[in-house]
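Enquirer: Quick one: this structure, given as structure tokens, is what I'll be asking you about.
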Amino acid sequence: MADKIFTFFLILSSISPLLCSSLISPLNLSLIRQANVLISLKQSFDSYDPSLDSWNIPNFNSLCSWTGVSCDNLNQSITRLDLSNLNISGTISPEISRLSPSLVFLDISSNSFSGELPKEIYELSGLEVLNISSNVFEGELETRGFSQMTQLVTLDAYDNSFNGSLPLSLTTLTRLEHLDLGGNYFDGEIPRSYGSFLSLKFLSLSGNDLRGRIPNELANITTLVQLYLGYYNDYRGGIPADFGRLINLVHLDLANCSLKGSIPAELGNLKNLEVLFLQTNELTGSVPRELGNMTSLKTLDLSNNFLEGEIPLELSGLQKLQLFNLFFNRLHGEIPEFVSELPDLQILKLWHNNFTGKIPSKLGSNGNLIEIDLSTNKLTGLIPESLCFGRRLKILILFNNFLFGPLPEDLGQCEPLWRFRLGQNFLTSKLPKGLIYLPNLSLLELQNNFLTGEIPEEEAGNAQFSSLTQINLSNNRLSGPIPGSIRNLRSLQILLLGANRLSGQIPGEIGSLKSLLKIDMSRNNFSGKFPPEFGDCMSLTYLDLSHNQISGQIPVQISQIRILNYLNVSWNSFNQSLPNELGYMKSLTSADFSHNNFSGSVPTSGQFSYFNNTSFLGNPFLCGFSSNPCNGSQNQSQSQLLNQNNARSRGEISAKFKLFFGLGLLGFFLVFVVLAVVKNRRMRKNNPNLWKLIGFQKLGFRSEHILECVKENHVIGKGGRGIVYKGVMPNGEEVAVKKLLTITKGSSHDNGLAAEIQTLGRIRHRNIVRLLAFCSNKDVNLLVYEYMPNGSLGEVLHGKAGVFLKWETRLQIALEAAKGLCYLHHDCSPLIIHRDVKSNNILLGPEFEAHVADFGLAKFMMQDNGASECMSSIAGSYGYIAPEYAYTLRIDEKSDVYSFGVVLLELITGRKPVDNFGEEGIDIVQWSKIQTNCNRQGVVKIIDQRLSNIPLAEAMELFFVAMLCVQEHSVERPTMREVVQMISQAKQPNTF
């Protein structure tokens with residue numbers, strides 16, 4: 001009321017001169033009325049872009065130039081209101097209906113509007129375009145509301161939190177051409193009446209919770225140009241054959257929505273279709289030859305299904321094809337030669353099938369290929385010379401085949417090349433000149449082949465611009481020295497040259513590679529000295545020089561590497577004493593000095609006391625370990641040194657005690673000050689009026705109801721990120737309330753957290769715990785989630801919940817949790833890295849369906865807590881942490897993949913990540929590898945003994961996926977999208 005009175009006086013003060021002169025024109029009155037409506041709208045906003053400061057009553061004469069406002073030239077009525085991307089939060093005032101009937105365009109997309117869509121919106125009878133996408137609107141869309149909006153042409157409600165059934169009144173809108181209801185929580189079936197749209201060209205219902213069959217009636221909308229029905233809907237049945245009647249269709253997307261059955265041959269009637277997405281379903285049968293009639297097709301993706309048979313030759317009619325994806329199916333036969341003759345083909349991905357024969361000899365000759373992935377098949381023969389004919393090739397992946405012969409020399413001049421993975425083949429010949437030094441190459445894998453010759457020296461000097469981060473040439477027959485030009489690979493992080501025939505002195509130039517994380521030069525013929533320049537590789541964490549002929553001593557400069565945790569120099573010819581300085585490397589947890597000619601005594605300092613006896617065996621002149629103790633005089637001198645150190649330590653302790661005592665008195669005084677401040681803030685915190693509640697869907701409770709849950713007797717869990725309480729709202733809804741660790745007061749991170757929570761609140765996926773609301777004041781942040789009655793996977797597997805998970809339930813949990821992570825990694829923009837994937841963060845619903853929880857919060861714990869706490873928050877939990885974190889202190893989505901692999905091993909074995917595995921210091925990953933020898937058939941040795949009648953093929957496949965996920969090198973791990981694909985295909989017969 002006060003706001004309205006204030007607005008009235010503003011209007012009065014601005015027009016009082018006009019009143020006095022009796023000169024108010026109808027035009028001015030209209031402008032004032034419309035300005036008043038916009039001011040009412042602005043007052044309902046909680047926050048907005050500063051550009052909306054132009055909206056003020058004294059400025060009413062320039063109403064039509066206000067931000068986002070457009071008018072007609074005749075009577076200055078507002079016809080368009082565009083408030084998109086203005087950082088607006090809050091609600092929409094009912095006053096908006098007063099802009100009818102002149103308003104024809106309303107766009108409020110990409111903001112943070114919340115609450116229900118006001119019914120007054122439906123009163124905008126002249127509206128032609130309504131775009132409310134990418135907000136946080138909730139509740140149901142009125143069944144009859146849209147029937148008033150008879151002029152509507154475009155309705156875009158994508159990416160909100162609407163729920164309930166799809167609104168039926170939309171079918172009465174005869175002018176409607178564009179309808180997007182995707183990215184919401186609509187449930188139930190698609191109404192058959194949706195087939196009665198008269199003018200519809202664009203229909204998207206993807207990304208909801210729709211069930212049932214796709215109605216055949218949709219085929220009656222023959223005006224359709226684009227149709228999107230996939231992504232996380234869960235349909236029964238298959239693709240309606242009647243869709244072959246949608247002759248105007250250009251884009252058909254039915255991906256990832258549980259479709260079964262065969263691909264209808266009738267789809268071949270869609271002559272205008274340019275994009276067909278059917279990937280990630282459960283489609284069976286063969287690829288219909290009739291698809292070759294879709295002569296306009298540019299994109300065909302049938303990947304991650306259960307398709308069988310051969311690639312039909314009739315697909316040669318797809319002369320406009322640019323993307324051809326058939327990967328992760330059960331296809332066999334040869335790759336037809338016509339594939340290499342498709343003139344516009346850019347992306348070809350046929351990996352993980354059973355293709356045999358040769359790669360088409362002319363592949364790449366069209367000059368347009370950008371990406372080729374034919375890995376994990378049974379291909380033989382030579383690699384075609386023409387792959388990079390057009391100098392556009394960026395990705396070449398052919399690993400795990402039976403290819404032989406030389407590498408095409410032309411690949412050494414393929415400058416766009418970014419990823420090059422040809423390991424696990426039978427390739428011979430030398431490395432093409434220039435290949436290692438290509439300017440854009442990031443990953444080079446040629447391990448496990450029969451390559452010969454020397455590693456080429458860079459002649460042109462272009463390597464200084466190299467992007468190469470990983471080289472794997474291990475297990476070949478390469479010979480000669482490492483070229484000095486390796487110093488120019490400044491971005492190199494991983495250098496794997498083990499199991500070759502390389503010789504000569506290891507070049508000191510390697511010390512200039514400051515980004516190196518791992519070096520493996522074991523099992524070669526290197527001689528000469530250990531280069532002291534290695535000590536300049538300050539990021540190095542792994543160094544293996546074993547099984548060579550290196551002599552001299554280990555340079556003390558190595559001790560400068562503060563994060564080195566693995567050092568292996570065994571089976572060489574080192575012949576001097578072990579440097580004491582190595583003992584001061586607290587990071588060094590594993591070292592092997594065995595089978596050399598080291599002399600003297602083993603240092604007793606620092607880390608040397610932790611190394612096993614086997615680390616020193618085979619050194620006849622070395623004493624000081626259990627198998628070869630030193631003589632008495634040596635022991636006596638060591639004892640005297642120890643006494644001197646103890647005396648020095650006592651003096652240091654005395655000085656430190658005085659310092660700490662003084663600091664303690666100061667701290668005691670500060671405690672009283674802090675307690676007084678805390679007491680004052682607690683009094684303020686208990687006032688619900690200071691709390692702000694942001695809902696991400698329709699809420700049946702208020703902030704005071706949430707605060708009632710935050711009591712000690714409601715605690716159901718405590719962790720590194722806060723305390724979790726269970727609560728029951730007035731409407732009977734059960735919720736979980738997470739109280740986050742206290743954020744630094746006045747920190748600039750507060751706004752960052754609030755903004756991130758807004759992003760997390762918009763995430764919608766059936767396998768992700770739904771964030772219902774965010775409740776906060778200046779001191780405390782509370783997250784309100786849907787409650788999961790069966791607790792966490794960790795509690796069920798390892799706790800005392802009294803629940804035993806059958807194998808089929810475990811496999812289903814694995815698949816559903818993978819889908820949740822896949823959504824975070826691949827379908828969120830920007831992608832979200834979980835940062836703490838573990839079994840305790842996978843919650844189980846009433847039917848034991850998996851929901852990923854606690855995602856996206858760790859980086860705020862990093863920002864707002866001390867360094868000691870942030871380490872665990874960022875990296876994850878003990879037993880789940882990817883090995884590269886130890887030396888990079890950075891994580892990415894592949895870190896999540898590693899952690900998920902650990903969860904899979906928990907599901908298979910029923911054991912904790914860190915358990916009693918019979919040997920100190922090993923975890924579930926190491927134990928599983930030891931027990932099975934990394935062989936999938938060995939899964940029977942580690943399977944949970946409580947399980948019976950397990951499908952052997954399923955267990956083997958799930959273990960295979962787990963082993964891929966926990967690969968030591970992150971680049972070798974699959975993406976979560978690939979993990980979903982592999983687990984989806986794991987279900988097989990044959991039990992044991």
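All residue numbers here begin at 1 and follow the chain in the order shown.
Glycine is treated like the rest: Cβ placed from N, Cα and C.
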Enquirer: Can you dig through Swiss-Prot and tell me which residue of Asn131, Asn612 is labelled N-linked glycosylation site?
Expert: Asn131
Enquirer: Consult Swiss-Prot and report which candidate among Cys20, Cys64 shares a disulfide bond with Cys71.
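Expert: According to the record, the bonded cysteine is Cys64.
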Enquirer: When you get a sec, could you say which of 226-231, 250-255, 886-891, 904-909 is annotated motif 'CLE45 peptide binding' by Swiss-Prot?
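Expert: Going through 226-231, 250-255, 886-891, 904-909 one by one, Swiss-Prot gives motif 'CLE45 peptide binding' for 226-231.
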Enquirer: Could you say which of the glycosylation sites Asn75, Asn131, Asn220, Asn525, Asn631 has its Cβ with the most other Cβ atoms inside 10 Å?
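Expert: Compared across Asn75, Asn131, Asn220, Asn525, Asn631, the most Cβ atoms within 10 Å surround Asn131.
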Enquirer: Quiz question: given the glycosylation sites Asn256, Asn575, which has the greatest number of C-beta atoms lying within 10 angstroms of its own C-beta?
Expert: Asn256
Enquirer: Note the mean pLDDT of the repeat 'LRR 16' (465-489), expressed as a whole number.
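Expert: Here the predicted model's pLDDT, averaged over the repeat 'LRR 16' (465-489), is 92.
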Enquirer: Taking only the Cα atoms, work out how far Asn220 (N-linked glycosylation site) lies from Asn597 (N-linked glycosylation site), in Å, as a whole number.
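Expert: It is 85 Å, counting Cα to Cα.
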Enquirer: Quick one: DSSP breakdown of the repeat 'LRR 15' (439-462) into helix, strand and coil?
Expert: 1 helix, 3 strand, 20 coil
Enquirer: Just counting, how many other CB atoms are there within 10 A of the CB of Asn293 (N-linked glycosylation site)?
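Expert: Neighbour count, Cβ to Cβ under the 10 Å cut-off: 19.
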Enquirer: Check the Cα distances from Asn597 (N-linked glycosylation site) to each of the glycosylation sites Asn256, Asn575, Asn613 and keep only the ones within 10 Å.
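Expert: Correct set: Asn575.
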Enquirer: Name the secondary structure element type, per DSSP in three states, that contains Asn256 (N-linked glycosylation site).
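Expert: DSSP assigns Asn256 (N-linked glycosylation site) to coil.
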